[in-house]
């Protein structure tokens, strides 16, 4: 469990540190710093919703929902007997990211985003779209953790075959 909580703390620390930098250098100043022209920039944005800026509930409900999900993930990891790195890492990334964004909701009433990949901006079917949202370290940790759970699902949660049956192919 030391590994789990170390990763959670690392994600929260990196997330909050980089958000503090974004607040200091991007919010009241230049708003955006181009790193790679037409591809990658640090661009300040405030997100009152969830992923991709979707607003489906008031901020208080989002905070409570995030808190409940985080507690459920923590409880699952603590009560699980699996202590492998492959099991702990994705759940630690998801937990750390969730807590990082919860801190923002409590402190600012919104989540600070600043990482932007300009993959496509333009019209699709007559409607202007920006293909990729502005996001942060916490969002990245949550996404990587969720992808790891999907990719390694069969290793993490092996299906138990009913007794007395064989796998004939």
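The backbone N, Cα and C atoms fix where each Cβ goes, glycine too.
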Q: Tell me which range among 21-41, 84-104 Swiss-Prot lists as transmembrane segment.
A: 84-104
(Q) With Cβ-Cβ distances below 8 Å as the criterion, list the same-chain residues six or more beyond the ends of the transmembrane segment (132-152) that contact it, or say none. (A) 11, 14-15, 18-19, 22, 43, 45, 47, 51-53, 86, 89-94, 96-101, 104, 111-120
Q: In whole Å, note down how far the CA of residue 113 (active site) lies from the CA of residue 139 (active site).
A: 9
Q: Take the Cβ of residue 139 (active site) and count every other Cβ within 10 Å, whichever protein chain it belongs to.
A: 22
